Amino acid sequence: MAMNFVTFNQDYSYLAVGNIAILEMLFSTSLVALILSPRRLQITNTKRQSTICELTFPTTVLAVRLNRKRLVIVLEDQIYLYDIQTMKLLYTIETSPNPNAICALSPSSENCYLAYPLPQKAPPSSFTPPSHAPPSSAHISPTSGEVLIFDTLKLEAINVVEAHKSPLSCLAINTEGTLLATASDKGTIIRVFSVPDAQKLYQFRRGSMPSRIFSMSFNITSTLLCVSSATETIHIFKLGHQDPSEDLPTSPIGTDSRKTNSTPRERAFSQGSSTLSGGDNSPTDGDPSDISSRKHNGTLMGMIRRTSQNVGNSFAATVGGYLPKGVTEIWEPARDFAWIRLPKTAGYGGPGSNAGPVRSVVAMSSNTPQVMVVTSDGNFYVYNVDLSKGGEGTLTKQYS
């Protein structure tokens, strides 16, 4: 059987695999949403082996999200919201072109938020299309990584998160609906914001080289964030205060790596010249005082940018202690707490690697310190992770 779609349910207790376009479960219930043909949705009761309802949409269904209150259907330029109890259409959202169906629905029934790329209005045009031409879209593809947070219970947009300077590639919301993780199409920086007030809480560095982010997942207690990408390394970031004096293991040197014998402050300055160049590494939001500090310290930033590669780590650490928070956070995102190295496969450097990277979906077990990884080449891996020391996870189970 060809594997066309794979996903975990909302609490990561079940894994759904199918040879159809889309398959989504509602927690551990018998309710399953199926996309059997591009525009047709079927809601099925697997216990009774009966079809509850079928819906047809004007264009291809790209994603389905559901919790105990809402069913969300994502098309390329529209999002449909349904009451999952009655299957009544509640609201239709017009979006910018979203061919990758980037969106996240909170599993929570109370904090029932939907996150998706902020629609970007098309600029006015003086060109008048002929009468027989189809109507032009009111939105264009996003050029930045802003996220709109929509309350699916009140049916209203409640906030905008200025997450990244480049377009988004992945979004994830935690179990309680209080945290939002974001990644841009560069994939070097992962950010975590509070929901619904959109305050930036954490900023992590996945690696120094751009890479497509395939999957992000919070653990059930929202203390860890797991991220998979087009590289063979799965990164696990710790949410919460980390003591800079802690001597944690570090992931191997490479595109997803860092220096292994330096302090967090020294590591920050070792990459200062590259991160100060802007792009996805620069924060796009912050307190007004932080922004003001950056403006008034522009000369100092320029000096450090030119000389950071030539100064010693001890001097860099001393200077770094005097920099305002708004400046230091530009090049000081936290590194991974733990990591996993997937086995070499056809998509990760093995024979036939020209086929392209293997896509992966990650989740963390709700009752054991384990990370579950499913890859598009049909492998299911389970890794143990040391929650006290971090470091590299160990492979304990493998299925194919």
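Every residue number used here counts from 1 along the chain in the order it is shown.
Placement of Cβ uses the backbone N, Cα and C atoms for every residue, glycine included.
Record features (Swiss-Prot):
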type	residues	note
COMPBIAS	256-268	compositional bias 'Basic and acidic residues'
COMPBIAS	270-284	compositional bias 'Polar residues'
REGION	241-296	region 'Disordered'
REPEAT	163-203	repeat 'WD 1'
REPEAT	208-247	repeat 'WD 2'
REPEAT	295-341	repeat 'WD 3'
REPEAT	353-393	repeat 'WD 4'
MOTIF	204-208	motif 'L/FRRG motif'
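With a cut-off of 8 Å between Cβ atoms, the residues of this chain six or more beyond the repeat 'WD 1' (163-203) that come close are 10-11, 100, 102-108, 110-113, 115-117, 141-147, 149, 151, 209-218, 220, 222, 225, 227, 229-230, 237, 239, 278-286, 329, 333-334.
The helix, strand and coil residue counts that DSSP assigns across the repeat 'WD 4' (353-393) are 3 helix, 18 strand, 20 coil. Sequence-distant contacts of the repeat 'WD 4' (353-393), counting only residues of its own chain at least 6 positions beyond either end whose CB sits under 8 Å from a CB of the stretch, comprise 3, 6-8, 11-13, 15, 17, 212, 214-220, 224, 226-228, 230-231, 234, 236, 238, 248-249, 251, 336-343, 345-347, 399-400. Under 8 Å from some Cβ of the repeat 'WD 2' (208-247) lie the Cβ atoms of residues 8, 11-12, 169-176, 178-179, 181, 183, 185-188, 190, 192, 201-202, 254-257, 263-265, 271, 274, 334, 336-342, 344, 348-349, 357, 359-364, 366, 371, 373, 383, 385, 390, 393, all in the same chain and six or more residues away from its ends. Note on the repeat 'WD 2' (208-247): DSSP counts are 0 helix, 18 strand, 22 coil. Secondary structure counts, DSSP: the repeat 'WD 1' (163-203) has 0 helix, 24 strand, 17 coil. In the predicted model, the repeat 'WD 4' (353-393) shows an average pLDDT of 89.
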